[in-house]
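Chemist: Here you go, one structure.
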Amino acid sequence: MRTFVIVGRPNVGKSTLFNRLCGKEIALAHPEPGMTRDPLCARVRFDGKPAVLIDTGGFVFSREAKERAVADLTLASLRKATDLLFVLDGRSGITPLDREIAALLRKLGKKVWVIANKIDEEKLFPLAEESFELGFGEPIAISAAHNRGIRQLRERLTRGDSLSAPPVPAEEPARRIAILGRPNVGKSTLVNALVGESRLLVAPEPGTTHDAVDIELVWRKKRLFLIDTAGLAPRRKQSKGIESKIAGRSLHALARAHVAVLVLDGYAGITRQDKKIAGWIQRIGRPCVIALNKWDLLSRPAGGKEAQARATEAVKNELPFLSFAPVVPLSAKDGANLDRLLETSLRVDSEAGQAISTGALNRFFQKVQRRLPPPASSGKRLKIYYAVDQAPRNAPAGSALRLHLFVNDPRLLMPSYERFLEAQLRNEFPLLGRPIHWSWRKAEGRPVNGKHSPASQRRKRSSP
């Protein structure tokens, strides 16, 4: 299978071309230079045959640490490639930086395709001929933004070159684990430590990941995709364009994941933004594991076990709406407790995929009511007649348990009894890390005043 790597200086349209060839928007394309930093990988089909396509960050020769890190990641991708798609800005012509990149590509000994992008009008086509002097053969003129020349590019990439397509064996579906958290809590460091190589740009500055990056990992013979998401910054620090798009990507990654790993900075403590992200996980209904990172800093003599105990207690007190999520203390930097994180994530995924029958649910609620009846209010007592799991049939594996209970009067439900029922449910059924969403209705199927129970309303207001 051939691997095509897109390379070029910043802001020549590499990510837009990547999205066009993939047939959907995966890379974050924006007029601001440097939006792609981590290599993005996708499986595509050219002429019906599979290939791998990789988008890389804008290549510059610089002594700046951040730009040098991007260049190192790009070079690692180039060495794995069979074909290089060298993208130029056809409107501005060949720059000195383009020539430096071309000299580097020649040393690699790979097949190089020169692509003159941003050729939006016929009068600009002659400028593409300038790229002949780079020595890579006939250039291909396109406009990725306007989808011009993309079909011809696909044909050129397949013409005269065999894209062998060996039979693909049936595989167990890979589990998707989204790594979420605010900027600079160590998400990319954690993914790199789990994968065992520097696949993502890691830097001390917050916000070095802009895209939701899927990294494939085989762990104990199981295929996983770790989705490293951009740090979700507070609203006051977000620009309207880029940051809102980043937040949307991260939420999309959360929605398609089987399990969410919320990375917290155990040393810095819980912030308002941590609570907001945790609230998204709970509301979307994704099974969750909390990774309490930077445990190594808490184990220093100045803090020790007392500091670790305070950090763990803070998670329980500050994020009560994620009380169902197991907490795994770890150090991404030192590689401590990483196996436990994956073990816990896969256990959460396994339990979330186990269906609970309607019969089992109703036997459970009848048994609990006999053992401890609901408290009476004004001489009346809540009665649970029937319960069903209302999760949609097309809900992804790993959705919340969505309980729909028919009762005599939802207004009789007290918050303390709902908490008691949830605790009993978790003792009875395999629900580690899985959220439970409650809906209480009158036995006729009509909600009181068209709303959920007062207990549910109060519980919803307590989450961010």
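Including glycine, each Cβ sits where the backbone N, Cα and C put it.
So TrEMBL lists these for the protein:
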type	residues	note
BINDING	8-15, 55-59, 117-120	GTP 1 binding site
DOMAIN	175-353	domain 'EngA-type G'
BINDING	181-188, 228-232, 293-296	GTP 2 binding site
REGION	444-464	region 'Disordered'
Chemist: Out of Gly8, Asn11, Lys14, Thr56, point to the one nearest Thr229 (GTP 2 binding site) in space (Cα versus Cα); all of them are binding-site residues in the record.
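Modeler: Minimum Cα distance from Thr229 (GTP 2 binding site) across Gly8, Asn11, Lys14, Thr56 lands on Thr56.
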Chemist: Take the C-alpha atoms of Thr56 (GTP 1 binding site) and Trp295 (GTP 2 binding site) and report the distance between them in angstrom, rounded.
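Modeler: Between the Cα atoms of Thr56 (GTP 1 binding site) and Trp295 (GTP 2 binding site), the distance comes to 33 Å.
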Chemist: Which value does the mean pLDDT take for the domain 'EngA-type G' (175-353) in this predicted structure?
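Modeler: Computed over the domain 'EngA-type G' (175-353), the mean pLDDT is 80 on the 0 to 100 scale.
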Chemist: Could you state the whole-number distance in Å separating the C-alpha atoms of Ile119 (GTP 1 binding site) and Lys187 (GTP 2 binding site)?
Modeler: 39
Chemist: What Cα-Cα separation, expressed in whole Å, is found between Gly8 (GTP 1 binding site) and Lys187 (GTP 2 binding site)?
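Modeler: Computed Cα spacing between Gly8 (GTP 1 binding site) and Lys187 (GTP 2 binding site) is 27 Å.
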Chemist: Given the binding-site residues Asn11, Thr56, Asn184, Thr229, which one's Cβ is surrounded by the fewest other Cβ atoms within 10 Å?
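Modeler: Counting other Cβ atoms within 10 Å of each of the binding-site residues Asn11, Thr56, Asn184, Thr229 gives the minimum at Asn11.
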Chemist: Rounded to the nearest Å, what's the C-alpha distance separating Asn11 (GTP 1 binding site) and Asn184 (GTP 2 binding site)? Just drop the number here, would you?
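Modeler: Asn11 (GTP 1 binding site) to Asn184 (GTP 2 binding site), Cα-Cα distance: 26 Å.
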Chemist: Restricting to the same chain and to sequence separations of six or more, state which residues have a Cβ under 8 Å from that of Trp295 (GTP 2 binding site).
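Modeler: Correct list: Gly266, Gln308, Pro329, Leu330, Ser331, Ala336, Asn337.
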Chemist: What is the interatomic distance between the Cα atoms of Gly181 (GTP 2 binding site) and Phe59 (GTP 1 binding site), given in whole Å?
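Modeler: About 28 Å separate the Cα atoms of these two residues.
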Chemist: Cβ-Cβ under 8 Å from Phe59 (GTP 1 binding site), same chain, 6 or more residues apart: which ones?
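Modeler: When sequence neighbours closer than 6 are ignored, Phe59 (GTP 1 binding site) has Val7, Gly8, Arg9, Pro10, Val70, Ala71, Thr74, Ile101 within Cβ distance under 8 Å.
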